[in-house]
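**Student:** Annotation comment: TrEMBL describes 1-26 as signal peptide. For 221-243, 287-312, 324-346, 358-382, 388-410, 445-467, 479-505, 517-537, 549-571, the entry in TrEMBL reads transmembrane segment.
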Amino acid sequence: MAAPGLWLLRAAAALLLLCRPPRARADEHEHTYQDKEEVVLWMNTVGPYHNRQETYKYFSLPFCVGSKKSISHYHETLGEALQGVELEFSGLDIKFKDDVMQTTYCEIDLDKGRREAFVYAIKNHYWYQMYIDDLPIWGIVGEADENGEDYYLWTYKKLEIGYNANRIVDVNLTSEGKVKLVPNTKIQMSYSVKWKKSDVKFEDRFDKYLDPSFFQHRIHWFSIFNSFMMVIFLVGLVSMILMRTLRKDYARYSKEEEMDDMDRDLGDEYGWKQVHGDVFRPSSHPLIFSSLIGSGCQIFAVSLIVIVVAMIEDLYTERGSMLSTAIFVYAATSPVNGYFGGSLYARQGGRRWIKQMFIGAFLIPAMVCGTAFFINFIAIYYHASRAIPFGTMVAVCCICFFVILPLNLVGTILGRNLSGQPNFPCRVNAVPRPIPEKKWFMEPAVIVCLGGILPFGSIFIEMYFIFTSFWAYKIYYVYGFMMLVLVILCIVTVCVTIVCTYFLLNAEDYRWQWTSFLSAASTAIYVYMYSFYYYFFKTKMYGLFQTSFYFGYMAVFSTALGIMCGAIGYMGTSAFVRKIYTNVKID
């Protein structure tokens, strides 16, 4: 056992190296400088303002580079590479606390091709992004006149950098030097640097990028209050209806137990007790079902941990740190997937546990990677910076095979051994009971369609803020709101699925496993439908790349949310079903 354990440790260490935050390789990573020490201006990406996700390398436009020798830069985290961060050295000579008067750093020979590239960028409102000491800076490429006939390029970057002691706490860019784009001319690019002492604390330097008026709007607070009232209403409804109804059911069943067979009117027997011999029957397609439940439990664990870490560490202040953290946490929580999926499959009598383990381990990664690689081909065709490098693809595949799979195997073995015994409170009949006819609104398909409405209603306002932070120029930082919404979503989902399952069992339909999962998972359908509304009415995206990127990743997000909600709904309903059948005396 020593060799496999050592191998797992080495694999985990490799994952840590891949997903680690940037190491202190230069002073910009330590965020401390000495006087006259070099400060690097990184050029990141350029792209249309109306779609922040469509980005290209800054030097894909015919900008020129400063005279200073280039500094090699490599992606240090998976998050940077996957998010399309393409840092390239600007070539500008900037030193800490050293002012620079307006200085020409390069010259653009504006031939016909270069002019057409700039004109296209100006027509599409291209903005570019730069970084100084991990602080983002945005600037516009140029502008057109009122008639749209003449186009002008901003040629002068005026930088004002605020410092507090030996740290950079503020950066501002002013674009000046508007020059008309005339073919076969030379355009000189210039810059200046002005250093100013600032009272802003280093810990608060990202506050200027946040938008409290947007995220702390009264609509946001109202949505939380509305969702909280919905939780109180649903919990009260479940407690009142089910407890009172179940009390009557228990009294009726106890009375029937005391009757003789001659006195008992078998024709009047009805309700959820009648399916006690089938309610714990294995679900149809148990292999897929248990894999979905395990994956949903893992997604919930990842969501919970990442939100808590984001609340503590302010992950939005570091490039790619949120995505890197999510990848690391997902890999580290793989035993959760194996434990819940493997134990459920064992309790349902499944024998092909290795196949179940593989499906559970690769269900979510295959969905995410398949979508990402498909969109990657489109990004490569458009030469977008969102194109995932081949080395990053290999790194992701290595994480799946050498970290996620072994940890999932550990969780599966533990789950099968610790909680894989079918200790049901009722004996399962050998022959399935026929399901009687019932009214149309009690059919599982109808319950599934209606089950996701209330959970979606509790989160759809938060979906707007999340979508806006991802698809527009907003930094999401109110993770306390997100944590509260996650708790509300879980409570609403469990309450709704318990009520749906109780009515289904009362109609003597014992197919509650898939019904509870799908009725909760149907929340994802409403979220994806809402994404269509958001695309057409809240964004100005267009074209194949933007459309495929948007709807592809929204499908991944919605599916993952649906699997998580389905697992939460099933787990809560399973505890409820086990509880009510434990309290009834059954021969």
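For all residues, glycine too, the Cβ spot is worked out from N, Cα and C.
Predicted automatically and left uncurated, TrEMBL annotations should be read as such.
The model shown is predicted, which means the values in this text are computed figures rather than measured ones.
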**Student:** So which residues does the transmembrane segment (549-571) touch in its own chain, when a touch means Cβ under 8 Å and the partner is 6 or more beyond its ends?
**Tutor:** 53-54, 292-297, 299-300, 303, 340, 364, 367-368, 371, 374-375, 378-379, 386, 451-452, 455, 471, 489-490, 493-494, 496-497, 513, 516-525, 527-528, 531, 535, 539, 541
**Student:** So, taking each listed stretch (287-312, 358-382, 479-505) in turn and counting its Cβ pairs to the transmembrane segment (324-346) that are under 8 angstroms, which one gives the highest count?
**Tutor:** 287-312
**Student:** Any chance the transmembrane segment (287-312) and the transmembrane segment (388-410) have 3 or more Cβ pairs under 8 A, given the pairs are 6 or more apart in sequence?
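**Tutor:** Taking Cβ pairs at least 6 residues apart, the transmembrane segment (388-410) and the transmembrane segment (287-312) are not in contact, as fewer than 3 fall under 8 Å.
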**Student:** For the transmembrane segment (517-537), give me same-chain residues lying six or more residues beyond its boundaries with a C-beta closer than 8 angstroms to one of its C-beta atoms, as numbers and ranges.
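**Tutor:** Same-chain residues near the transmembrane segment (517-537) but 6 or more away: 289, 292-293, 444, 447-453, 455-456, 459-460, 463-464, 467, 471, 493, 496-497, 500, 550-551, 554-555, 557-559, 561-563, 565-570.
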